[in-house]
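Please read the structure below before turning to the comments.
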Amino acid sequence: MGKKHKKHKAEWRSSYEDYADKPLEKPLKLVLKVGGSEVTELSGSGHDSSYYDDRSDHERERHKEKKKKKKKKSEKEKHLDDEERRKRKEEKKRKREREHCDTEGEADDFDPGKKVEVEPPPDRPVRACRTQPAENESTPIQQLLEHFLRQLQRKDPHGFFAFPVTDAIAPGYSMIIKHPMDFGTMKDKIVANEYKSVTEFKADFKLMCDNAMTYNRPDTVYYKLAKKILHAGFKMMSKQAALLGNEDTAVEEPVPEVVPVQVETAKKSKKPSREVISCMFEPEGNACSLTDSTAEEHVLALVEHAADEARDRINRFLPGGKMGYLKRNGDGSLLYSVVNTAEPDADEEETHPVDLSSLSSKLLPGFTTLGFKDERRNKVTFLSSATTALSMQNNSVFGDLKSDEMELLYSAYGDETGVQCALSLQEFVKDAGSYSKKVVDDLLDQITGGDHSRTLFQLKQRRNVPMKPPDEAKVGDTLGDSSSSVLEFMSMKSYPDVSVDISMLSSLGKVKKELDPDDSHLNLDETTKLLQDLHEAQAERGGSRPSSNLSSLSNASERDQHHLGSPSRLSVGEQPDVTHDPYEFLQSPEPAASAKT
């Protein structure tokens, strides 16, 4: 048999207290009577009652004494026992949890296909998935701009450009500088990812240096430092320095404090070490002095910056567009050089040949020449607009112009502007007199090459307005305007051998002398009749357009034969023949006269 373990003291005490708290009950007594005499007394428990009574009394007293002692201890250590019990319970719980985790871990180790997942403690933050980029992770352009900013801030050891400048530091700064900039603001913009390209970062850097050179005088430390930083910064951020891996653009590694200049770089610098050291430890007084080589590099950096800004502006306003200029090649061909190329860092310039194949479409099958066909949408009709129609109808020279009449005006004056100008000039001198009208007509004839007079004659012929042909009108005007017209007519009398019958010229001088007042009325009536006949003839001829086949037309009518067919036989003494139809001057000379000649 195994060894019997004793109960724990606390458990024994609790069981004893439970037993002591129970009230003691007296056993029942049984009295048996046999034949009227008492026999024996049996207790319900089967023990002696006297012995039980003595023992119960003794235990009761002992229990009372222990109870008194326990009350004293409980009053003193009651609060201590509660805390100890709580601590013990917590420690037991922790031990149980550890043992439970260890047992589960050992059981899971035997299962190779099952993954062990251990929950991290609640105070540690939950890690994000590595495949997803973190929110605070910087982009490549941000890393590049942060590197540039660190390099630029190292060139400002005193921190002049580290923070924004206020009016308390520099009086009147806000009145002079409208767009302030500093390294702190640039850093905030880098963190906020407001720079979309290096060009914008360079623009803010140049703005900061320009503000310092604008506010400060050239002999101040701030001006010299700003100019020095501007030159070094643009040189560092130039494309050539980035491609060659210059010492300023290479990422610097931490070096011992004893060495003032970094020696190890990603690539070897083209400059000797002495020149680099002299540049970095150059005194502030000589910061403004630039040699020819450094000045050229500075100008080159500024030109590259301006070119980058222009390229970005073009790409922003015309995305995908190609702007450039024409240049002639060595062999004489034309090339179109593109400025805003898709790859600005490309070594070769983007060019396109300019020839007929690039300007015209392909030759269609069956055609031997490249024809040009203008689209209907490109055709401009001047009469389609309401403004043109109103402006043409409201003129006082020609009212209610028709489409064919407008075509005549356009053929004479060229375009709408020319028509309006001609009509405006004629309307201006409408009531000014014949001399002003003649001056305007001569001016328009000189401009249009004589088309003005021919157009007016055709228009008035269509409207049945009597008017001399332009050639005859000019001849008549020149003869009427000359002061020596009578002498010229008289001088023609000395030429009897001419083919024209000039016998009527001898009677021109006698007309005014021999006319009586009574005969003047008769002459006026005849002149009126002749004018009416002329008007009817012009209306008859002007109403119909001449046909293209003039050779197949019939002979002249009887009326035309009456006016044009009969030769004039004027004598010196016949006065009434002067008032005949003026068309008689257009007839051909008689055959007899020609025979004489």
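Our numbering is plain: 1 for the first residue shown, then up by one each step along the chain.
Placed from the backbone N, Cα and C atoms, the Cβ positions cover glycine too.
Copied over from Swiss-Prot, here are the features:
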COMPBIAS  1-10  compositional bias 'Basic residues'
REGION    1-25  region 'Disordered'
COMPBIAS  11-25  compositional bias 'Basic and acidic residues'
REGION    38-138  region 'Disordered'
COMPBIAS  50-62  compositional bias 'Basic and acidic residues'
MOD_RES   Ser56  phosphoserine
COMPBIAS  63-73  compositional bias 'Basic residues'
COMPBIAS  74-85  compositional bias 'Basic and acidic residues'
COMPBIAS  86-97  compositional bias 'Basic residues'
COMPBIAS  111-126  compositional bias 'Basic and acidic residues'
DOMAIN    136-240  domain 'Bromo'
SITE      Ile169  site 'Histone H4K5ac H4K8ac and histone H4K5bu H4K8bu binding'
SITE      Tyr222  site 'Histone H4K5ac H4K8ac and histone H4K5bu H4K8bu binding'
CROSSLNK  Lys373  SUMO2 cross-link
MOD_RES   Lys373  N6-acetyllysine
REGION    536-597  region 'Disordered'
COMPBIAS  544-556  compositional bias 'Low complexity'
MOD_RES   Ser566  phosphoserine
MOD_RES   Ser588  phosphoserine
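Cβ packing within 10 Å was compared across the recorded sites Ile169, Tyr222, and the lowest neighbour count falls to Ile169. Cα-Cα distance from Ile169 (site 'Histone H4K5ac H4K8ac and histone H4K5bu H4K8bu binding') to Tyr222 (site 'Histone H4K5ac H4K8ac and histone H4K5bu H4K8bu binding'): 13 Å (rounded to the nearest whole number). Across the range of the compositional bias 'Basic residues' (86-97), the DSSP-based residue counts are 12 helix, 0 strand, 0 coil. If you take every residue in the domain 'Bromo' (136-240) and average the pLDDT, you get 88. In the three-state DSSP scheme, Ile169 (site 'Histone H4K5ac H4K8ac and histone H4K5bu H4K8bu binding') is classed as coil.
With DSSP classes pooled into helix, strand and coil, the tally for the domain 'Bromo' (136-240) is 64 helix, 0 strand, 41 coil.
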